């Protein structure tokens, strides 16, 4: 497979961070933007998960919750873009934590961050198939009102989504850049086609502006303020996962410059397209309650809104194909990223049997064993579908909370040390005052959502509607703690240095954005080690 002309310099930069370049850099910046946008897929994720926010704050939660979460996630994105610009490796957050943390705590905090990040991405893989299964079952209900879906129906469709994703990632990896570009085009086309069609069909019977922008409702049993904050989960899902750029960064040229641009752009595009699309949906939504109401429909809020707007089951189903395919693209992209994150953590001895999961398949040019592990864990994670009526809330909460915590840890450590731990020579650098504002807004959001998104979605709490995100996190915590004492504290020392690649010895502490020419000059200086 051909490699980009800039790969020599990029490989040297990666070597300076302690790793040998093993993955082909076959993603262009546009293809990587397509991958990042396909993963966020904000307008699709936000519309497919309307059931999270409409009962928990109504229209105010849907729209103004998106703006609130958007500002906070954009703050997190620009904060992490500084790290990515300085340390462009697939490890992402756990690698950044290792670099900026005092030596005494480096290994432990890097270990914790890595486990949380890996878990969050596996949960995010699960969310794509889950949302897709709900849309498909809703379509069956629209055409056959007597159909009663079972949890195992959703589980089988969920498996189908993830099997297709696995096959594409395992055997079509060379086509992934083309697939991600196609995902970007398909998503933008779907956004435009659905928006224009439903506005034209619903005219002039639109909802009032007061309903769209100020309607509040609370069907959760929680106090109004808490209910509205719980509704932020929908917006959190639509804007999380932007660290995908970091975990795929070893597969694009000029990563220190292009990576931060892509990370920030995908969040900004997500906020803009998401707000416009949700506003349009609310204007054509029709009634909320009753036999044909959006919230009471067995077809699900999104499909019911499309049906209310078009007045045609066939038309609504055709329009739904756009988000269904978008979710398939998203699942493929998330699986790619999750497998790279797992591979990177195993490469640094963070997982059991790390040597096995860190292997890159010689023929397929991808971390196939890490991909296998991701798929097995996604299937196990999906078993929540069989046991809980609140599976959507639990799985999405797990992904949003875990990823949010992994974003917050490196930012918090850097802030506690006066924002002085990143090299001044990094290509992307926020002004000091703006950096502090972005860091503190992002951290406040992570703290609030980490607590709230573990709450059950409604009261009173029962065995079937409780938020099993708590159980998932407890299991992850137990496994990671046991693994730390069994293996981690002896073998995990943070990101590893690849001496063979460097030829000049250890490079820990070298300015990571130093040019390859400067590195060569230093490495030839009297045969000294680079300290």
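Using N, Cα and C of the backbone, Cβ positions are placed for all residues, glycine too.
The transmembrane segment annotation in TrEMBL covers 30-50 (among others).
Sequence annotations record features per position, and here TrEMBL assigns transmembrane segment to 62-84 (among others).
Sequence annotations record features per position, and here TrEMBL assigns transmembrane segment to 105-132 (among others). If one looks beyond the transmembrane segment (105-132) by at least 6 residues along the same chain, the residues whose Cβ comes under 8 Å of a Cβ in the stretch are 39, 45, 48-49, 91-95, 97-98, 154, 157-162, 165, 237, 240-241, 243, 247, 324, 327-328, 330-331, 334-335, 337-338, 341-342, 345, 348, 350-351, 374, 377-378, 381-382, 385, 391-392, 395-396, 398-399, 401-403, 405-406, 409-410, 413, 472, 476, 480, 484, 488-489, 492-495.
TrEMBL lists 152-171 (among others) with the feature transmembrane segment.
Through the fold, the transmembrane segment (183-206) approaches residues 30, 33-35, 37-38, 41, 43-44, 273, 276-277, 280-281, 283-284, 305-306, 308-311, 315, 319, 322-323, 325-326, 329-330, 332-333 of its own chain, all at least 6 residues removed from its boundaries and within a Cβ separation under 8 Å. According to TrEMBL, the transmembrane segment annotation covers 183-206 (among others).
Feature annotation from TrEMBL assigns transmembrane segment to 226-250 (among others).
Long-range neighbours of the transmembrane segment (262-285) within the same chain, counting only residues 6 or more positions beyond its ends whose Cβ lies under 8 Å from a Cβ of the stretch, are 29, 32-33, 36-37, 39-40, 42-43, 46-47, 50, 59, 62-63, 66-67, 70, 73-74, 77-78, 80-81, 84, 191, 194-195, 198-199, 201-202, 206-207, 211-212, 235, 238-239, 242-243, 245-246, 294, 302, 305, 308-309. Per TrEMBL, transmembrane segment is recorded for 262-285 (among others).
Annotated transmembrane segment per TrEMBL: 314-335 (among others), in sequence order.
Using a Cβ-Cβ cut-off under 8 Å and counting only residues 6 or more beyond its ends in the same chain, the transmembrane segment (356-384) has close neighbours at 1, 22-24, 121-123, 125-126, 129-130, 155, 158-159, 162, 166, 169-171, 173-174, 335, 338-340, 342-343, 346-347, 391, 394-395, 468, 472. What TrEMBL lists as transmembrane segment is 356-384 (among others).
Per TrEMBL, transmembrane segment is recorded for 390-413 (among others).
Taken from TrEMBL, the feature transmembrane segment applies to 433-453 (among others).
Annotated transmembrane segment per TrEMBL: 465-486 (among others), in sequence order.
Sequence-distant contacts of the transmembrane segment (30-50) (same chain, six or more residues past either end, CB-CB distance under 8 Å): 62, 66, 124, 131, 134-135, 176-178, 180-184, 187, 190-191, 234-235, 237-242, 244-245, 248, 251-252, 258, 262-263, 265-267, 269-271, 273-274, 276-278, 281, 294, 301-302, 305, 322-323, 326-327, 329-330, 332-334, 336-337, 392, 396.
Between the transmembrane segment (433-453) and the stretches 62-84, 152-171, 226-250, the greatest number of Cβ pairs separated by less than 8 Å involves 62-84.
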